[in-house]
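Enquirer: Attaching a single structure in structure tokens format; questions to follow.
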Amino acid sequence: MKMGIDEQRSTKMEITNVNEYEAIAKEKLPKMIYDYYASGAEDQWTLKENRDAFSRILFRPRILIDVSKIDMTTTVLGYKISMPIMIAPTAMQKMAHPDGEYATARAASAAGTIMTLSSWATSSVEEVTSTGPGIRFFQLYVYKDRNVVVQLVRRAERAGFKAIALTVDTPRLGRREADIRNRFALPPHLVLKNFEGLDIGKMDRTNDSGLASYVASQVDRSLSWKVQLDINSIPWFYKILINACIIKGQLLYMLAIIQLLEGSADCSLYLDVKWLQTITTLPILVKGVMTADDAKLAVQVGAAGIVVSNHGARQLDYAPATISCLEEVVKVAQGRIPVFLDGGIRRGTDVFKALALGACGVFIGRPVVFSLAAEGEAGVRKVLQMLRDEFELTMALSGCCSLKDITRSHILTEGDMHRARL
Ligand code: FNR
């Protein structure tokens with residue numbers, strides 16, 4: 001029997017796993033938009049590696065454990081959520097579907113999990129809040145004009161967002177060659193809503209990627225761990241002490257002196273993350289940490305958490321997969337602050353592997369925009385449901401009834417196998 005067109009379409013829509021949404025998105029979206037969502041930087045080695053690295057981690061399942069009840073709930077920065085799977089910030093979601101960030105916010109709330117809204121969203125913080133209750137984080141790019149940042153953070157705070165995810169891996173935009181070829185720019189009927197009314201809400205068509213030009217003109221590439229001091233306003237004895245610390249490479253002592261100086265009103269001091277802490281009471285997650293060294297600094301400056309991320313392989317190509325960096329970051333954090341991971345999460349088994357290596361939760365990026373393109377809010381709901389079901393099954397088949405039962409000994413990494421051969 002021949003199927004009607006509608007029937008064929010609905011059969012096609014019988015999605016059985018998260019990956020299948022990408023092909024549908026590719027079919028539905030204009031090439032410029034699909035390419036923007038899908039691309040990684042340059043050779044896209046890291047893009048592939050973000051997935052491949054998961055496939056090199058194997059399970060050591062435990063058997064004959066009563067798994068009739070499985071609890072996936074957890075707490076993130078004090079907020080209880082239904083599962084350790086959250087939504088990463090992805091820019092410009094109305095290019096995927098007219099409901100854009102509204103649909104994502106509703107789907108996340110329905111699933112009882114957290115959505116992170118991008119600075120470069122096509123819906124404003126207030127609009128997303130108007131969709132109804134939900135736990136939401138706001139992702140921040142630091143603009144050269146710090147007044148813009150202050151206004152934006154305050155608006156997010158007033159709108160009820162619960163944390164700031166400070167993206168630290170984008171002093172410049174990575175070379176996404178498809179965007180350069182397509183001369184990527186935000187379609188003219190859309191704007192970066194959080195900046196509407198300011199003359200930084202537009203992204204013009206340029207000779208290459210409009211987004212890369214936008215970042216080059218607006219984003220503060222001097223953002224750093226380093227301390228920026230108005231040296232003239234510092235008492236002379238502190239100057240000598242700080243100079244001595246710099247010469248001896250004593251960062252910790254230098255930070256201690258700066259803590260002292262912060263109490264002194266006439267000294268203008270900025271450690272960028274510290275500066276952010278002076279303009280908001282919201283906890284700050286540092287998103288984009290890939291090494292133990294930076295994890296150490298994130299703990300020192302008082303970050304509320306770390307997101308191990310390579311920006312979905314869109315920044316520095318040949319950076320390792322995030323799952324390969326997770327353990328060294330977790331080791332340094334020593335449980336003082338939670339460590340999360342994003343990059344390549346497409347299966348419940350990936351979630352389990354990340355938790356076994358010490359993550360407190362994971363975030364997903366592309367699956368959200370691809371499912372939005374395919375089916376709007378229903379698609380995002382389905383993605384979250386499929387990942388939840390797969391994760392629950394992985395827990396059951398590994399012999400884990402709650403997240404605390406997931407341990408390092410439930411998995412086998414390449415490093416473990418290598419050590420076992422020695
Ligand atoms: C992103 N990402 C991102 N990150 C961020 O801090 N601010 C942003 O505006 C965006 N925008 C964005 C757009 C698109 C289309 C993608 C694919 C990614 C990175 C994102 O938060 C996350 O780190 C990755 O997407 C995670 O990897 P996966 O799940 O896409 O493999």
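Backbone N, Cα and C define each Cβ position, glycine as well.
Annotations per TrEMBL:
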DOMAIN    10-416  domain 'FMN hydroxy acid dehydrogenase'
BINDING   Y36, Y141, T167, R176, H311, R314  glyoxylate binding site
BINDING   P89, T90, A91, S118, Q139, K287, S309, D342, G343, G344, I345, R346, G365, R366  FMN binding site
ACT_SITE  H311  active site, proton acceptor
Enquirer: For the domain 'FMN hydroxy acid dehydrogenase' (10-416), what's the mean pLDDT in this predicted model?
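Expert: Summarising the domain 'FMN hydroxy acid dehydrogenase' (10-416) by its mean pLDDT gives 90.
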Enquirer: How many other Cβ atoms are found within 10 Å of the Cβ atom of R314 (glyoxylate binding site), counting all protein chains shown?
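Expert: The answer is 22 other Cβ atoms.
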Enquirer: Cα within 10 Å of T167 (glyoxylate binding site) is the criterion; apply it to the binding-site residues A91, G343, I345, G365 and give the hits in sequence order.
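Expert: Qualifying among A91, G343, I345, G365: none.
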Enquirer: Taking every protein chain in this structure into account, which of the binding-site residues P89, G343, G365 has the most other Cβ atoms within 10 Å of its Cβ?
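Expert: Counting every other Cβ within 10 Å of each candidate, the maximum falls on G343.
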Enquirer: Does DSSP put G343 (FMN binding site) in a helix, in a strand, or in coil?
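Expert: Assignment for G343 (FMN binding site) reads coil.
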Enquirer: Go through the binding-site residues A91, T167, R176, S309, H311 and pull out the ones with a Cβ less than 6 angstroms from some atom of ligand 1.
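Expert: The ones that qualify, in sequence order, are A91, T167, S309, H311.
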Enquirer: For the glyoxylate binding residues given in the record (Y36, Y141, T167, R176, H311, R314), what is the largest pairwise C-alpha separation in angstrom?
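Expert: Across Y36, Y141, T167, R176, H311, R314, the widest Cα separation comes out at 19 Å.
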